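Following: one structure in structure tokens, then a few remarks.
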């Protein structure tokens, strides 16, 4: 539950948080439970025994001893009379009582509230005394600052000076959060000791709302330190990572906009698009579909060709290399930032001795198996094998379902294209490609959004079947399965457009057909890169606007609206009720916290869209940047105002998410190399310009990239219904491919230029991948994971820690010696005995 602390006299929160009824003990935690309605009939459960009665009596006396008000129903006799109901409800109640008994045995103090505004909900308020906190802090080896402080020396190298200069220039962008300690001073920290330390936790809810959860401060940095203090290190690391990622998107967005503007500026100078748009070429193209489609002029693809140049130009190759290096820089920058946060938050030694405890579900499964009889062991093994057999194909089944859905959309594209070509509306026939591209992309988007929700449940179901041993193992397996399913769901249509569409088509007179008479799709003459850009743009923007933002904003507001409509109170009565609610009752109305993993998943999928196919969409970093600026404040407002405050959890890194990011950054190099080599026309243009062009320019490339087809070679029933659609009889039509002409000795076979271009494409992939990988490894080696100033300060802190312990031990020895001498001097002379030598064991500590 959220605990709100504010200054006394604050107009927003007049009290310093909720208290017990005595007004002295602060409520540290609140548990809720269901209250069973009393029934007039029924018998007591067989579980109500003398032991349970004694437990109830002991709990009642303990709660009296904690100065909690004794309710009439806390009387053991009344409680024993009211314990009626079903066996299931009694079992739940007795388990809850046992849990409460264990809390009392640990020294915690409790107080119940079952007379609130929620008739079926009870609240158990828990207070942790100071001595209990000290004891648990020592068990956890919680590090706390000591009185000893030391100066943090700033690095003198060029990188550190640049960092300090940037920090000074960006001063107005930092949030106005009070810092109780200067940046150049750090307290020495060591494991908690109740003799020297005071636990001071100050949560400034109002400050978080003003400096973090407000859209008016979207241009400022996040108060990461304050987020960490209020929500814990795990949530703090997520928002720190999101801030670094958003910050790194700024240079990527600038370069992407420059590449896009370069394409806009050079579109009129692009020779291939000028040749397509030139009506003097008078190139007649073969039909795009069987029977219903007719011949068409290449000039009608002028708009698509000019638009394709915006995303398919020489600057695209540079941008792909830049984004590959950008991903490496981002990973290195985050490692250094994470190490700096670990040092500032005293997490450098966290996790080394931590034990990951077994899950309760795993323990139950082990107990069930251990209680089986020996003769049933083969049956248990057979059941386990069957479960494993059913579990493994489940992943493949759901991924196959995604492929089947994509194939269904492909059939939709083919059928709707044919239907539009035979349409009687001129507008529909003139915008066939645009209509098919847009509607198919929107259908893909709807399918992706729906399947994302299904796949999240499927991943959790599959992980639950495996019964992982520890919580960490469960979380990692759940994240990996969810990522695989959502990644395949989001990128399958994009991969199809990039690498498969237009590759398995065949040629006029010998096309490839699927499901009977459905002819495989062809790319536009300018290539499939434009369609890939449209699909990526609609998917990315749609997921960000609908799934990430609209759902996160709209669903909570819709729930609140439905609650207001269900309520029979008018607005004035509702306002009065809200004022009378206790803090924990208000928190109970908030949505439960389901974890930070869904937030990570959104950003990881976005990172994949920014890096994997960025060669076809250079504006992807810009759209991601604009989305993340809103996403940070949206998540902040959701965490502060909409969700119950999560349990603070420690973490020194982002866990498996870092491995997924690193894998995506390496995959991006390979994917972009294949996109440039096989999806765009960059390699065929280079081959033509430096091998086949008579003057070393791009003049004549369009004619070079088109093959000839004799219309008399059409298969029966596939020739156009209206062969005179252009006003004249067509004998030879053109299609995009590198094949021999019909008058050659081997008509329609792959020409020599096809193999030259294929070899150039493969060579480009190898060179591109190795060069970028080499540069990435060099940058990884050049940039150390731990900043130099941090490594020096960590070494200095270890030395100071040893000195502090040595001084403490020396002080203890001197104090013990003084006490010994004092006792020796006050002792009677008759009782004086000669000093005895100390044993070696006595000198050991």
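Note: Cβ is positioned from N, Cα and C throughout, glycine not excepted.
Feature annotation from TrEMBL assigns compositional bias 'Polar residues' to 828-845. Feature annotation from TrEMBL assigns domain 'Anoctamin dimerisation' to 19-201. Taken from TrEMBL, the feature domain 'Anoctamin transmembrane' applies to 227-797. Residues or ranges marked as region 'Disordered' by TrEMBL: 816-845. Per TrEMBL, the feature transmembrane segment maps to 238-262, 315-331, 397-416, 436-458, 478-499, 603-626, 667-688, 753-772.
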Spell out yes or no: are there three or more C-beta pairs under 8 angstroms between the transmembrane segment (315-331) and the transmembrane segment (238-262), with each pair 6 or more apart in sequence?
-> yes
Could you name the stretch, out of 238-262, 436-458, 667-688, 753-772, with the greatest number of CB pairs under 8 A to the transmembrane segment (478-499)?
-> 436-458
Stretch among 238-262, 436-458, 753-772 sharing the most Cβ pairs under 8 Å with the transmembrane segment (603-626) | 238-262
Report, as numbers and ranges, which residues of the same chain sit near the transmembrane segment (753-772): CB under 8 Å and 6 or more residues beyond its ends.
-> 320-321, 324-325, 669-670, 672-674, 676-678, 683-684, 686-687, 691-692, 704, 737-739
Across the domain 'Anoctamin dimerisation' (19-201), average pLDDT on the 0 to 100 scale = 64
